[in-house]
Each structure stands twice: as C-alpha cells, then as structure tokens.
Amino acid sequence: MTAELIQATLETLQMVVASTVLSAIVGLPVGVLLVLSARGGLRPAPVLNRILGLIVNLGRSLPFIILMIAVIPFTRLLVGTTIGSAAAIVPLTIGAIPFLARLVESAVSDVDPGLVEAAQAMGARTGQIVGKVLLPESRPALVRALTVTFVTLIGYSAMAGAVGGGGLGDLAIRYGYQLFQTNVMVVTVVLLVVVVQVFQLLGDRIARRLDRR
Amino acid sequence: MIETIALRKEYSADGRQTTALDGVDLSVAAGEVYGVLGASGAGKSTLLRCVNLLERPTSGTVRVAGEELTALGPADLRAARRRIGMIFQHFNLLSSRTVAGNVALPLEISGTGTRRERSARVAELLEYVGLGDKAEAYPATLSGGQRQRVAIARALADHPRVLLSDEATSALDADTTRSILALLRRLAGELGLTILLITHELDVVREVCDSAAVLAAGRLVESGTVADLLARPDSVLAAQAFAPVAADPAAAYGGRVVRVAFTGQADGQAAVGELARRYELDVRLLAGTVQTIAGQPVGRLDLALDGPADRIDAGLAWLADHGLAVLPDDAWAEVAV
Ligand SMILES: Nc1ncnc2c1ncn2[C@@H]1O[C@H](COP(=O)(O)OP(=O)(O)O)[C@@H](O)[C@H]1O
Ligand SMILES: [Mg+2]
C-alpha cells in the first residue's frame, strides 16, 4: 500500500509540474500579449485583443470535467491514449492556460507605467521593455500566479484521476470509494493537503525573496 | 538645441476635447538650463513629453540637436531618444534592479560596450553623482534624493546632449531639492549638457535656470533669460517673485499707489527721494524688495503718492526717464502661475 501511495503521489506531482510548466510556456506569452495589445498598451491591437480575450474567457468558463471529455480526441491524437497521467497532462494544461494567462495579464499590467515610460525614453524596443522591465518588475506577482495555478491544478488532477488519469485522485476513488477503504481515502487527502501546503509555502517564499520594493 | 514650432497637442477622452498645448514655440540654446514654469494642468508635462515624442504632438515640429524628431521613423526615433536623457518626479527606477543595474539599463538597451565596459561606465557615473558606495543597493533602500541621483546617473549613461526633467525636485524636501539643483547646474557646466526642466516652483527657476518661459493654459505667455524676465516690470515671473502687498492697494492705502521696478544700474531709493523733493509729492513707501538675480540687484518698490494729479503724472514720467519702470495697473492683478 505504501508503495502505491508513493507511486500515486509521484504521478500527481509529475502531472501537475508538467502541466504547470507547459501552461506557463503558453500562458505567459498570452498574458503579455493581452497587456501589449490592450487599448493604450504598447502595441494596441483591438481585434487581436478582443479575440484573445474571448478565447481566454471561454476556456475559463468551461467546467474542467467537461473540458476533459471535450479534449479526448485531441488527447488521443497527441499522446496515443486517454488513460494515465501522461494523457491527463493534456486537459490539465489546456485548462490552466487561460487561467494563468489572466493572472499574468493582471501581474504585468500592475507594473508602474512610469517605468515603461522611462524605458521608452531610453529608446527601448517593445521586446526590450517586456524583457527588461515588464517581466522582471512583475516577477514576484508572476511567481504567485504560478503558485496559484499549481495549487489549482492539484485539485484538477484529482478530478482527472477519477477518470483514469492516475495519481492520488485515482487512488482515492479506487480504494476509498469503490473498495470502501476509508483510511486510504483519508491518507490521500492528507497527502494532497501536504503537497498543496509545501508548494504554497515555497511559492510565497520565492515571491517574497524576489520582491525588492 | 531644442526647438518646438507651433506645437499643438489635443487629447480627446470620452468625447471631450482638451487642448493641452496650443501652439508652443520654444527655443533652447545649447548648454543652457531652461525652465518652463506653470501651474498644475498648464501643459508642462505634455510639452516635455512631446520633446522626446513620448507623446505624439497633434501638429507642429520638434527639433533636437538639429534633427527633426517629428519626421523620424520608429528606429531613428529610438536612436534619437538615446541621445536625450530624462528624469522624473517619482524617479521611475526599476525596483527589481540594483542601483548599478538601473544605471546600466540604457547601455543594455542601446547595446553599448561589453559587460565590463558598461560596469566601468556605471561605476564612473555613480562616483560622479556621489553614490559610489551604493552600487549594489536596491532603490527601495535609498532616500528620495539618492534615488534621484541614481536616476540622473542613469539618464547620463549614454552620453546624452540633452536632459529633460519633469518636476525632478517636486517630491523632495528643500535641502535635497537644493542639492539636486546644484547637481543639475554642475551637469550643465561640466558636461555642457542642455537641460530643459519643467516645474511649478519659481524658486527652481530662480536657482538654476539661465532662461525660462511661463506656460499657462497650453500657451507660452513669456520667455527670455531669467534675469531679463525678473527685471522686466510687466513679466509674470516678476509678478510672482514680488508678490503684491495687498489685493487692492489703492483702497488699502489711499492716494495713487504705484509699483516701481528697477534693476542694477538704477538706484531705486535715491530716485524715490528725488521724486518727493522735485515734484513736492507726499511719498510713502508701502513695501520694497531687492533681490539679487543673476548677480545684479532687481527691486520693486510699492509707493503711495499723494499730491495733484498732474504732478504725480510728471513725477512718474521722470522716474521712467531715469531707468525705473512704473508698472501698468493691470500688472497688479495677481497672475496665477
Ligand atoms: N493622457 C491624457 N489624456 C487626456 N488628457 C490629458 C492627458 N495628459 C494630460 N491631459 C490634460 O492635458 C492638460 C495638461 O496636462 P499636463 O501636461 O499633465 O499638465 P502639467 O504637467 O502642467 O500639470 C491637463 O488638462 C490634463 O488633464
Ligand atoms: Mg506635470
């Protein structure tokens, strides 16, 4: 049983870490793009902004359980199967991208416009303003955004586990629900809480260390 | 060095149109410290931001160092901006970078030098502004005056010919203001920098500026050297420097109340004594100020004259002939600056 619990915890971590990283790869640029293309932004593009915003809102309003089922064909195409933690990464990532993009948007647009202006006065290109001003200045807020995404994904991953995604959620359903082993259920819940706590504390600590204001 | 021609800037927000600049012709000579004085909302920041085109003017021309900025494409404009430093009221330093990192930023942006050359330049600049020991500190740990020094070092990093200053001392206390102004003065003297600064404080203009202009409701109402403006009896700058003794002096003191202006070559007090004797007038001195401006005395005397009207008129004409300007009545109205 202990081996199984360790195995399931590792699977959960693997799913959540992988989908957090993957969603950051897409969500970060999307969030920045939302800020740049906004009215009064550095590169105003109303149409692009409207479309991106719409897609993000759509993704945000879709319940995860529906999204998971809706992307099954895409998952099969990408991973070859719809069972297991590798397959669960696909819906988890897709679900997290719009969530993270909004958090990134809010973090980046909180940067003091005076700093952007100072960089413009130095003759900075838009890319330099993003790389040298917007991202570094919002780093603490970005770390907090990633932490929130990670924690949310742990909850989602348990849901994915329930439909064959592996990990702690899967274990809890199989032993706790189907085999009435309440103690396994309790242990998995405790493990989930511990994982959330550890990563939340870690994220908070990193964010605080990066914050020089 | 800096020239704006017929500069206009209109903002339209929620259907309402604001004219922030209404045809501004400004001319700043090389090596000069030029102040634009104006009340809040007069358009000062807009004017300054139009000089490096952070704000695109609605119409008009901006020329800096002979280059017509308003005609440049994006890449050329970025290159031109690197030759124009800018400092701000709230310093606008990156909180995520150390002092040295902040000063290095313009060099990174322009891709100047190797990492080693950049850090040598940064050390030299920090030494110059008196913060050699603060290189590794973060801006949050510095005082306001220190932060503005960092911002000045940063603005100088790429060897600009021109420095723009948007209320750079307005967030600082009196002593710190004085030391920052002294530093700006030094930059003009030692580096030959042309400085255009905007402020709502007359003292700033009086302390560091060679020339000045007064901006009100988007128009330049006067411009010239600070010494000339303060000496000129009808200037807005002088009206502010020498505040009137009473809102309606004639009612307060009786008789004919006049304000007399004089500069270095004329001797105000002696002339007033002569006026009383020669025209047999009863002259009372209500108030008097003499200030040293650009090394020469500039004075104002508020006088109440009693006597026959024709002798008063003759007396005032005599004063004017002897280098003392008698202010027209409307110059008494307090001019909002
Ligand atoms: N971005 C803007 N949008 C709309 N109106 C503006 C904007 N910036 C400035 N204004 C208006 O232009 C006028 C001049 O503003 P500003 O140049 O900031 O004045 P000052 O710096 O002298 O206080 C004000 O009436 C202000 O409300
Ligand atoms: Mg202003």
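Every residue gets a Cβ built from N, Cα and C, even glycine.
Positions annotated as domain 'ABC transmembrane type-1' by TrEMBL: A:9-203.
Feature annotation from TrEMBL assigns transmembrane segment to A:12-36 (among others). Long-range neighbours of the transmembrane segment (A:12-36) within the same chain, counting only residues 6 or more positions beyond its ends whose Cβ lies under 8 Å from a Cβ of the stretch, are 42-43, 45, 48-49, 52-53, 56, 85, 88-89, 92-93, 96-105, 107-109, 126, 130, 134-135, 142, 146, 149-150, 153-154, 157-158, 160-161, 165-169, 192, 195.
Sequence annotations record features per position, and here TrEMBL assigns transmembrane segment to A:48-72 (among others). Long-range contacts of the transmembrane segment (A:48-72) within the same chain, counting only residues at least 6 positions beyond its ends with a Cβ under 8 Å from a Cβ of the stretch, are 30, 33-34, 37-39, 41, 82, 90-91, 94-95, 97-99, 101-102, 156, 159-160, 163.
Per TrEMBL, the feature transmembrane segment maps to A:78-101 (among others).
Taken from TrEMBL, the feature transmembrane segment applies to A:141-164 (among others). Within the same chain, residues 12, 15-17, 19-20, 23-24, 27-28, 64-65, 68, 82-84, 88, 91-92, 95-96, 99-100, 103-104, 106-108, 110, 135, 170-173, 192, 195-196, 199-200, 202-204, 206-207, 210 sit at least 6 positions outside the transmembrane segment (A:141-164) and bring their C-beta atoms closer than 8 Å to a C-beta of that stretch.
Annotated transmembrane segment per TrEMBL: A:184-203 (among others), in sequence order.
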Same-chain residues at least 6 beyond the ends of the transmembrane segment (A:78-101) whose Cβ lies under 8 Å from its Cβ atoms:
11-12, 14-16, 18-20, 22-24, 26-28, 30-31, 34, 55-60, 62, 64, 67-68, 71-72, 145-146, 149, 152-153, 156-157, 160-161, 164-167
